[in-house]
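Each remark here refers to the structure printed beneath this line.
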Amino acid sequence: MESNSAAYGASLAGAGFDLIKFIKQPQTIIRFLSWVFAIVVFASITAEGYVNSSTENQVKCVFNRNEGACHYGVGIGVIAFLACIAFLLADAFLPSMSNAQERKYVVMADLGFSGAWTFLWFVCFCLMADQWSKTQDTSGIPTDAVHAAIAFSFFSIGSWGALSYFALVRFRQGDADVSQNYADPPAVPTSLYPTTYTPLTYPSFQNTGPDVYQQPS
């Protein structure tokens, strides 16, 4: 399997890093956008997602005073932010990985994480949009920050869905390359001895001369 240098998205495995080509890849562009979207979501909630009323000193979450909605949005955003950086580095080092099995693990991790975060961003969008629609007192709430958090959580669904699609294409292409180039090892005999036995033949000796008989004295 080591000979499949093109498997799992590494068309030039072992080659140098091409920055221009890396930046122009659709997967890199979408991952960078996902990184920006995550910053907008958790920064909007962290900076302006908590307010206090004139009668209370303790700040409350702007999404219907539901602390869980704010915590969920910040948590998903921060993890997505860190994951984008990690997978950008993984994509950059992928061409230098000569081992197809290691590249497969990277692609599988990308596929699994992207699929999971597509679903989690969908939950985040639904949760924040629902709680905001139930918020009755919006006085003193920075609505621009709220709308930005909701909108970019929605955009994140599409960006992470696209990343899941690209990871799935890379994974399937890698499996196809491995299947086409893989050769079964030669069969190993199960026994050290031959399966059939051929008996040895010996030459027969025939006495063609006259018989000599000696009479005892």
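Every residue, even glycine, has its Cβ placed from backbone N, Cα and C.
Caution: TrEMBL annotation is automatic and unverified by curators.
According to TrEMBL, the domain 'MARVEL' annotation covers 22-172.
Here TrEMBL flags 32-51 (among others) as transmembrane segment.
Summarising the annotation, TrEMBL assigns transmembrane segment to 71-94 (among others).
Residues 8-9, 41, 63, 68-69, 72-73, 76, 79-80, 83, 87, 90, 94, 97, 146, 149-150, 153-154, 156-157, 160-161, 163-164, 167-168, 170-171, 174 of the same chain lie 6 or more positions beyond the ends of the transmembrane segment (106-128) yet place their CB under 8 Å from a CB of it. The transmembrane segment annotation in TrEMBL covers 106-128 (among others).
Remote same-chain partners of the transmembrane segment (148-168), defined as residues 6 or more beyond its termini with a Cβ less than 8 Å from a stretch Cβ, comprise 26-27, 30-31, 33-34, 37-38, 40-41, 44-45, 49, 73, 80, 107, 110-111, 114-115, 117-118, 121-122, 124-125, 128-129, 132. According to TrEMBL, the feature transmembrane segment maps to 148-168 (among others).
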Per-residue pLDDT averaged over the domain 'MARVEL' (22-172), given as an integer: 93
